[in-house]
């Protein structure tokens, strides 16, 4: 499930286990991390802007969404796969976001791009694909712009406002688009048995991709409200200065 809840891309290097390291080296590591993260976020902002322009240009020229995915798929695949670096950033400690949170966010996008839309060509012209592509594109332009300006210590209020308001509409739209796309893929997956492992085989294991997709769709039911309301709490905290008290489970 696409989510933009993490707010940790601040360029701060982790100092866990580095208590005896010279302060000068820690500062250099922090500077290097900040430079790299600034470059990364500028590149990702530019990439999603290119994607947005390509989508608008295609629709203006063709007047239809059919063929849109095919026309932008290389750019989409490159920049979405490039986002795997965000997991690496967490692993090496240059951002304070949880590895699990980053992993879920990035892997859900990779799953939709490579294992659904890329692999099941008959669904590429579905309107639901355009739905999540538009939601992702606006979300990512806003998110990476927010990170870039934050790293540069010059965050325009509009970018901050957009970061914590656009998701109110875009997040549900993206989720609906993803769910409808997976649903559209089900008949093809069931008919072809793609990615499924049948018994008997020498490993004595089985896997049914069709039922895996059903379980994936069902997982949105508990996850979406949890993530959405977390983001709403973050919005109140950042934009309105409310103190949010998290209840212990």
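Heads up, the Cβ atoms here are built off N, Cα and C, so glycines get one too.
Topology note: residue 35 and residue 126 are separated by the membrane (different topological domain names in Swiss-Prot).
Of all ranges given (103-120, 193-210), Swiss-Prot attaches the label transmembrane segment to 103-120. Swiss-Prot assigns the feature transmembrane segment to residues 127-141, out of the candidate ranges 127-141, 142-156, 232-246. There are 22 other CB atoms within 10 A of the CB of residue 171 (active site), with all protein chains counted. DSSP states for the topological domain 'Cytoplasmic' (93-102), grouped as helix (H, G, I), strand (E, B) and coil, give 4 helix, 0 strand, 6 coil. Its Cβ taken as reference, residue 204 (N-linked glycosylation site) is surrounded by 7 other Cβ atoms within 10 Å in the chains shown. When the topological domain 'Cytoplasmic' (142-164) is classified with DSSP, helix, strand and coil residues number 17 helix, 0 strand, 6 coil.
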